[in-house]
Structure formats: C-alpha cells, structure tokens
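Per TrEMBL, these features apply:
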- A:63-90: coiled coil (COILED)
- A:265, A:269, A:295: Zn(2+) binding site (BINDING)
- A:266: active site, proton donor/acceptor (ACT_SITE)
C-alpha cells in the first residue's frame, strides 16, 4: 500500500532529524550547565553548524516531496498520519520562508546573546545585554516579514507557540484573567489575616536541598533512570528522546522554597516528556502538544499540587527531617506561608495569584516592541512603569527588573503568554479531574501521587502532539479553554486562606 | 593565487567537519559522565547517526577533489599545507575503504559494547562482555581486510595510532624495554630496603580529594576556564576545540593516590590540547601528533614530574593540610611510598617500573587475537597465564584481570603500545630538557611548574599534529626514539630509592 510505505519513509527521515535535534539539544544543555567560560565563542559556532544542518533537513526538497506525495492521500489517513503531515507542513513553511544564512546567523546571535544576558544579570547592568537584545529583536521583526502577518505582527509569534492563538483572542482572555486576579487581590489585601513566612528564610544547606529535591522528584514519578537534575542560572528542562530528560534548578542557601518549587515545576515538564508514547518516535509528534499545554503540566505540579494543603501536609514532616528550623511549624502555618500573597518583582518567585499579572505585563510590552511602537531603549522605563501600575512595586536594579528572565535573550518572544495559559489549562483539567475523582487529593497527604500521575499521563502525556491544544482540552474537559476555572480556583483557594467571606 | 584559495576552501570545509566532531565528542563525553541508564539505546543511535554524517564528510567527493586539486601544488606548499594534505589523504583512505553501513554499524556495536563492559566490570563477569567483544573483534578483522596489510595484520592497527610503526620495529623496542625493566626489577627485588606505604590507605574524604585534584591541576597549568574535571568509571580526556578540554577521574575513598594521579595524568593530556595553537583551527592538525606523543605528555606529568622527589616535596605539605593522617610522614617516606615497586594486577595502578610489562602483555595478546591465532574465548586464560609469567601474579576475578581496561570495548586495538611508547618519548624529552635546563626541577619544589610548562608547550604542544611523531622527537632531541633514555631513567631513579649499588 502506497500510503503506508510513504509514511514509513517519512518516519525514517524524521528519525534521522530527531537524532540531529537530540545532539543539538545536548550541546545546548551542556552550554547552560557545564561549559567552561572560554568556550562560548566556539560553542556558538557548533550550534550554528548544527542548526544549519537541521535547517537543511527541515526545508529539503525531500520534505517538499513528502508533503506533495502525502497530500494526495489525505482522505485515507488515520489521525496520526494526518497530524504528521500537518506538523511537517507547518514546520516546513515556518522554516522554509527564512533564508538559511539568516537563520544560522540568528542562532549564532542568540547563543552569544544568552551568554551576554547571563553576564549582564551577574553584573546587574542592562547596558551589557542591550546591544545583543537589539539584534535579537531585529531578527524577530525580519522573520515576521518572511512569515507574513494579518492584523498584528505579534500574532505570527503567538501562533508559533499556540496554534491559532491571536492577540484578539488573547486580549479577551487576559482581560478576564486580569479582572479576576485584581478582584481576588483586592479582597486579599483587605483581609486582616497575618501570615508569617519568616521560617522559609534562613540557612538551608544546599546538599540537603539537593537531596530533598531529588527525593520529591522521585516521589512525583519523575524517573531518575531516564533523567537528571542539574544546576543552571535559569532553571529549564530539555530532553533527548523520552529516556533522557534533563531538568535544572538553582539553589539558594538563604531560602527554602525557590529551588524546591523550581524543581517541582521542571519536574512537571519532565514527567510530561518521559511519558510521551514510544510509538510516536519518528512521527515528529513525540513532543508536547504546545508550550501552554507543557506549562499546564509544570504549573499543575508546582501550584495546584505542590502548593495544595494536602501536599504541604505531606511535605512538612519530610522538610522537618532535613531542616531543624521547621521543628515548631504547624501544617496551617506551613500551608499559609507557601501561599503568602504579595505583589512583588520577580516572576518566577511570584505567588500563584499575582503571577498572571507578571505575564500580562510582558505580553503588553512584547506586543508594543514587536509592532515597532517602542524600542529596546524604552524597555526598561516601560517595564518599571507597568510594574508600578499593575503591582505597585518598582525594581531598584536591572537584575530584579528587566534582566530577570532569559526568554528574550534567545528570541522567545510570544512564549510568555504560555505560562498564564498553562495556569488556565491546568485549572480546567483539575476541575475535570476532581469531577471524575472527587477524593483524589486525599491520597496526596500520604505522599501517594500515583492516581494524579496516571490521570495526567493517560489524558495528556502519552498523546504527545497527537492533538492540537484546542483538541486536547476539548477531549479532556468537553469544552474549549475557559479562564473561569482558574479564577474560580483562585477565589476558592485564596478566600479560604485569607478568610474572605 | 590558486593554491592559497584552495587551501582556504579546504579550511572552511574542515572547520565544518571539526564542528561535527566536536558535537559528536560532546555526545560521547556525556554518555560516559552524565547519561541516565535508560538512555543507552537511544544514545547509541545518536552516535551512529553523527558518525554516519562524519563518515560522509571524510569520504565525500569534495574531499577527493581537494586531494586531486591540491596534489598538483605539492612543490609550492609550505610545511603546514603539506601536512594538511598528508593527513587529509590518510584520513580519506583509512575511512573510504570501509563501506559506510559497516562503519556506522561498528559505531553502534561499540557504544553498546562500552556499556556492556561497564556492566560486566560492575558485575565482575567477563561473560556479560564477551559476546560484545567478539563482535568488536570481528569488525576489526573485517576492517583490516578493507585497509589491507603486508606482513602482519596488526601492523595496520599500529600504524593508525603511530604513523609507520610495525610489529617488527615494536618487537625490538619492547624486547629492549622488557629486558631493561626486568634487570631493574630483579635488582629492586634483591634489595633489602623496606618501604612503608600504609599511610596512603585509609579514609580520604572525596570532597577533599576533589578540591585537592582541582588545586593541583590548576597549579600544573591546566586552565579551568577552558576545561573541566568530572567523574567517570574509567578516567579519560576529550576536547571540543582547545577552549573546552574535559578530563575525568575516579575517586576512591579508601586511598590517596589513585584519583590524584589519574587527574594529573589526564591533566597532561588536557594541557597538551589546551595549548595547541589557535592557528591550526580548520587545518585538521589541531590535535596531538600521535597517541604515543599524547601519552608522553600525560605520563610525563604523572610520573616524571608527579612522582619526582621535587614534586613530592611540594605536594606533601599541601596533602597534610587536606588530610591529617599525613601529619607525621616525612618527605623521604612520602617519596618512597609514591614509588613503591610491586608486581601487581591493575595496569592503571601499576608503579612506573613494572607498568611497561602490563603493556607488553596486552601487545602480545592483541597481536595473537588480531591475527586470528587465538579467540576471544581464549583471552581470559591467556591473560592470566601471561600475568603469572611476567609479573608473578594471577587475577582472582575478571574485574582485576581481563575486564580492567575499557580499550577493547570500543575497538581501540593497537592503542596500548602508545602508553609504553609515551614513557619512552617522555624520558627522551626529559633527558633533553635537563641538558638544556639542568636546574629546572629545583623550582618544582616550590610549586613552580612554569618553566616545564613553557618548555613542553613550545617544544610539543603548540605544534599539534604539524609534525609526525618521528619528526617531532627528532626536532626536539636530535635523534629518533631510543628506549635507552627511559631505561637509564628507571635505573637512576629506582637504584637510588632501593639502594642498589
């Protein structure tokens, strides 16, 4: 049968491509975790070379032939085959429109820019990073011109991370989200509940933090024989197939939660990747459904699970074994401290309630920047202004302001919204999970995460990118993405903690 | 000018190739240091893929064209250009003769075989490794048939590591070496000097061993901003250009010398790679002159320097700071213990005097195996017999016998002689160094290795593979390789230590 043969041929081709990408991802992982400082320049060249090769494979005439040949069989295709073709085409079109030399140059600019961002953050000086960022932004604008756009240039970037997403849709979703958050925030601020979280700050031996992080990861279901946990300035997850999934975190001796919750967050990404079906190898679909769906898993583990009362009840006795300072802390105190609400400067350390506002700020800035209505030169001022407006705080230094995230350094414009969408997807899934299994959280108290793990695996993980995010959320919950569930979740959780009637 | 243009074109091509090799080396390094256990199979596939690509680049019609075009200009070429062409041709011929599918299959077999060797060594069971080793040996024999051979099949393998070396030459060198070693050994055995080395065994905190290893590496001149020190079962060195050179070692809590001297040994390799001239990038010559020259540097640092009286005088006070147990040890006791002679089972832990016999055993076995006069099934018995014959000891287990080295697992037959040749080259260089700078060792006592570092850098390192080993040793010492210097060195050193008149 001709279709089956063509599909097999395509799978062989994509398997080769996957190996190249795995090598490239490893080279990148190493750059962020292990590479000696003087190797930056030569490493950039290796990444340029590999990305040039990957560019060639994605845009080769072979791929064009696959697309043309397979298109004839569209009516005979099963779901997997149809999705293979769809993603192949999408990838081909997205890449083919960019001249290879520009693409390779962009990769080089990014890897230098990332290193410059690290330096700038260390030195607390945006000026070090600025010229690099300007280049990255210019490339983004140039690429949008290649890709084309309809109403808003930023739509082109959004669509890369979340198929079909537009500023028009997202403006509505974020308006609803923002209003919801601000309503809850105002009520929380008006509450006279006083939460003490001093015990989360002190001296936490890093070796012990590492041991605890690994212990919890393992408990959650992250397979340490098919993955690792390392350290990097900015925590991230990458993988080379589903049997080698690498998380990083960043330990701070003076506080308890940062590294642990980074680990749990990245662990959510990692569990997703480890549990994508082996059968999707060579299909181009052995990856997450979208960045937002990926974030839905990481933020599910980090917040919905990790900052739940039940998880805190499980965690506290263990934490007491590692750190004596927690000796007299009660479960209620621990849980409250973990969910302390405070308008603050750093996104990754923001509480679950105000987190969305950090994303909305970045979204608004990126839209302006990409549409050329502001310049890189204006970024810092605008950033500080918006933090003041939305959160009532203002950065005293670049590191705690404009330099805090690495995302712009590698040109990931359009990515930030994924985090907030991840919260929405996650809460909508959680609502469904509780409908199906109302008692599921009770087991968490005993450190038993198996049922949650199995549910997420079955509903989300195994499928990889077999479904678009829209299809997936509909398959799982029966309706499309709806911010209501997350806002309800916030109200329910924070009104209880802060005694809001 | 046509030649210059062609050379530039070739350099661009080789630069691309170097980037691919760097990526492949990193993937390999990671496999040995970081990779989670379940990823073995998929990692093998990535290595197969990359080696297939590298095979294509080495054997492409472009390379054939370069060779044909450049051959016309042989008379106009400077030394560098001539060596570029010579190595290009050598590499092309060596690779082109093997069918690509067989080469790629071999890489896959090797990466599985290496993992099997690790398992077998852990389990102390040669049977686990045997079927893999059989495959590797069969591939070696098959490849020798492609490459061709004259008198002895093993010559073909020797020549790969040491240009122009044959069993005929090596039989003579090793006969002289063996007789020399046995003469010294018999005198040492007859001596009534008693050396105590109990203080080298005990409990040595691994964290402290790591710190000490890094401290010494840095002192030796290894640049930790252009390199790293990690851990692996079998210590090794690899590099991705000269700005990212990676050493591994293996710590043992119960003894002092093993990890430290592994580190110093690998450090010797690393210093070599870091100091090869930047200008050799893209020439195909930014690498060691040969494996034996590489070993001459590692064993120079490990033994000639590292086990010298002067170095021991420098090291002891530092070792005392790290480890209290050395409190009452004198310099003489320390130096003697470091150079204690004992016929023993493990090559990497053998003393400097008997080390050569371990190599000669392997050389004799490999010759038999590759010429088909014995089978993999006979290896263990023959190994044990030869250890008895040469060293008077017999392994009680596979791990301390036939399984101790990883070299056969990746098909490095013909490599072992490099270690012994390295000792000879090193001693010959050292003799010259002392002639030129008679007082150079005095500074070592004060931890000042700069002059030695500079001499080796200038004479050996910067040149990379610009000269063949034969040319290089002649350039440096004015004569060809001569075992006499090493044997004299042994006599001088060990007769002093063991009071032999």
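In case you wondered, yes, glycine gets a Cβ from its N, Cα and C as well.
TrEMBL labels come from automatic prediction, so no person has curated them.
Because the structure is a prediction, the values reported are computed rather than measured.
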Cα distance (Å, whole number) from residue A:295 (Zn(2+) binding site) to residue A:266 (active site, proton donor/acceptor): 9
Nonlocal neighbours by CB distance (under 8 Å) for residue A:265 (Zn(2+) binding site), same chain, sequence gap 6 or more: A:235, A:298, A:299, A:301, A:302
For the Zn(2+) site built from A:265, A:269, A:295, further residues of that chain with CB within 8 A of the site's CB center: A:237, A:266, A:268, A:294, A:297, A:298, A:299, A:301, A:302, A:422
Surrounding CB atoms that lie within 10 Å of the CB of residue A:295 (Zn(2+) binding site), all protein chains: 27
Segment-level pLDDT (mean, integer) for the coiled coil (A:63-90): 96
